[in-house]
Amino acid sequence: MATGAANHAVPCVAGRSKRRNQQRSPASLSVRASSDANTVTLLDYGAGNVRSVRNAIRHLGFNIRDVRSPEDILTADRLVFPGVGAFGSAMDVLNRTGMADALREYIRRDRPFLGICLGLQLLFDSSEENGPVSGLGVIPGVVRRFDSSEGLIVPHIGWNALQITKDTQLLQGANGYHVYFVHSYHALPSDDNRDWISSTCNYGQSFISSVSMGNIQAVQFHPEKSGATGLSIFEKFLSPNSSGTKAPPRRKASKLAKRVIACLDVRSNDNGDLVVTKGDQYDVRDHSSSKEVRNLGKPVELASQYYIDGADEVSFLNITGFRAFPLGDLPMLEVLRCASEKVFVPLTVGGGIRDFTDASGRYYSSLEVASEYFRSGADKISIGSDAVFAAEAYLQTGVKTGKSSLEQISRVYGNQAVVVSIDPRRVYVKSPDEVQFKTVKVSSKGPLGEEYAWYQCTVSGGRDSRPIGAYELAQAVEELGAGEILLNCIDCDGQGCGFDIDLIKMVSDAVTIPVIASSGAGAVEHFSEVFEKTNASAALAAGIFHRKEVPILAVKEHLVDDGVEVRMQ
């Protein structure tokens with residue numbers, strides 16, 4: 001079906017929203033549009049990371065005009081709305097500021113509009129997220145949560161394929177490529193909204209991945225995080241007359257891809273410079289006489305190269321952990337800002353996400369720390385030690401206080417923005433009856449011939465052990481609001497002998513959120529093994545990429561040859 005003309009789009013929208021505007025009739029709705037062809041108006045209502053959207057717009061050569069009032073929406077020549085966070089919170093802000101009415105009027109006029117992620121969902125009648133909550137009422141339908149009752153992993157995180165159903169300028173050249181999704185709620189196709197749908201995506205069932213009517217466009221995925229494909233989509237909205245199209249993909253996308261993630265352990269060396277390092281069972285100092293911190297490169301340069309090489313995500317872990325003053329570590333925040341200008345795939349950052357009080361006695365909440373990370377360019381926050389303590393308290397009391405960093409950040413930014421990093425150490429036992437924690441029958445026996453092991457969690461970078469197992473911790477943090485688990489293994493770290501399959505299978509079978517396998521990769525075969533033998537959604541490596549022992553492209557080509565779906569650029 002061809003894209004609807006402008007005179008087709010306006011009556012369709014007006015039939016649902018014009019009546020509401022007639023009741024309110026704010027005088028400001030007659031403002032004329034601006035005409036700066038090089039400026040894009042951005043509606044940022046203050047929740048989550050929109051720095052990446054800003055960077056994508058600027059990367060493509062456009063200036064940004066921020067919305068400060070409803071009138072700024074109505075005078076926009078092109079409007080981008082990157083919705084982030086919870087549906088209800090977003091609608092509260094839009095209604096309270098008068099921007100909801102301005103958006104309805106802007107759309108009724110069929111002015112160029114691009115909604116992203118929540119910016120698509122808010123166009124519908126309502127959402128079940130903490131609801132029902134009424135939306136803008138532009139498109140018929142209800143936004144619902146993915147159903148995890150049958151084992152579907154929720155949130156839907158990663159690179160998935162589009163099924164294009166309408167010939168639109170926006171999606172030209174995107175057919176056959178993966179784009180990046182991160183969401184727990186979705187809109188379903190129906191007879192009432194089928195004229196709007198320009199593409200669908202399959203995850204458990206078919207859901208709406210983009211809509212198009214006249215000049216109104218919206219996508220559930222994140223073009224600013226979808227690499228070259230996403231930037232091409234953005235450019236087609238910003239420059240409708242651009243003729244550039246992508247070459248056909250080397251391997252056509254068909255479903256959700258397994259992710260290959262590059263991790264950068266960042267800390268200050270003995271000279272005070274931020275460097276990328278790599279540990280050997282969490283020891284980052286050379287075993288030579290110098291005992292210096294291993295320096296494997298500069299963070300921004302390496303992150304940029306991994307993006308070019310095809311990494312699906314880049315993860316920064318500040319292993320000094322902001323020990324004294326998290327918000328005082330300006331160099332790390334600057335690393336994030338600079339990386340987000342060059343890396344158009346998701347960025348995760350971890351280290352020191354907790355409540356703290358500075359030397360002057362001022363208290364900072366973990367939410368404030370996380371917010372600074374998001375503003376600096378992070379898409380996801382990784383929480384380690386603080387999540388362990390929260391899980392221990394929850395398992396002891398059975399009460400969710402809502403005060404832990406995990407709960408606070410998840411509530412405001414959504415669980416898809418929160419990763420919990422688990423750092424366990426293998427403890428061998430002769431019988432499962434010896435401990436109260438979940439054990440597994442291990443593939444290789446222990447030093448005394450033990451056939452079983454449990455995985456004891458640690459905090460403070462592996463230095464301190466805690467009375468909780470990885471299995472119990474994973475289930476607890478899912479209950480508390482984690483959207484993803486980064487599963488490390490101290491025993492395998494830096495060994496290059498492969499991922500701990502026993503551990504990863506145990507945890508990935510125990511939760512319904514995505515699990516990232518980490519620690520131990522030394523060859524391309526280790527990646528195919530972990531995807532074939534466990535339910536891991538992604539696999540992460542560091543040292544083999546830093547030392548150029550195994551290129552990211554080699555990993556992906558091996559996975560393709562082994563029948564594993566991956567994103568190929």
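Cβ coordinates are placed from backbone N, Cα and C, and glycine is handled just like the others.
For 42-237, the entry in TrEMBL reads domain 'Glutamine amidotransferase'.
A C-beta separation below 8 Å, combined with a sequence spacing of at least six in one chain, links CYS117 (active site, for GATase activity) to PRO82, GLY83, VAL84, VAL182, HIS183, VAL219, GLN220, PHE221, HIS222. The active site, for GATase activity annotation in TrEMBL covers CYS117 (among others).
Taken from TrEMBL, the feature L-glutamine binding site covers CYS117.
Summarising the annotation, TrEMBL assigns active site, for GATase activity to HIS222 (among others).
Same-chain residues at least 6 positions away in sequence with a Cβ under 8 Å from that of GLU224 (active site, for GATase activity) are, in sequence order, SER52, VAL53, ASN55, ALA56, PRO82, ILE116, GLY230, LEU231, PHE234, PHE344. Residues or ranges marked as active site, for GATase activity in TrEMBL: GLU224 (among others).
As annotated by TrEMBL, active site applies to ASP265 (among others). Of all Cβ atoms in the protein chains displayed, 24 besides its own lie within 10 Å of the Cβ of ASP265 (active site).
Under the heading substrate binding site, TrEMBL lists GLY352, ASN488. Around ASN488 (substrate binding site), a 10 Å sphere centred on its CB holds 28 further CB atoms from the protein chains shown.
The active site annotation in TrEMBL covers ASP423 (among others).
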ASP265 (active site) versus GLY352 (substrate binding site) - Cα distance in angstrom: 14
Local Cβ density at ASP423 (active site) - other Cβ atoms counted within 10 Å: 28
Rounded Cα-Cα span from ASP423 (active site) to ASN488 (substrate binding site), Å: 5
Integer Å distance between the CA atoms belonging to ASP265 (active site) and ASP423 (active site): 14
Mean of the pLDDT scores, which run from 0 to 100, over the domain 'Glutamine amidotransferase' (42-237): 95
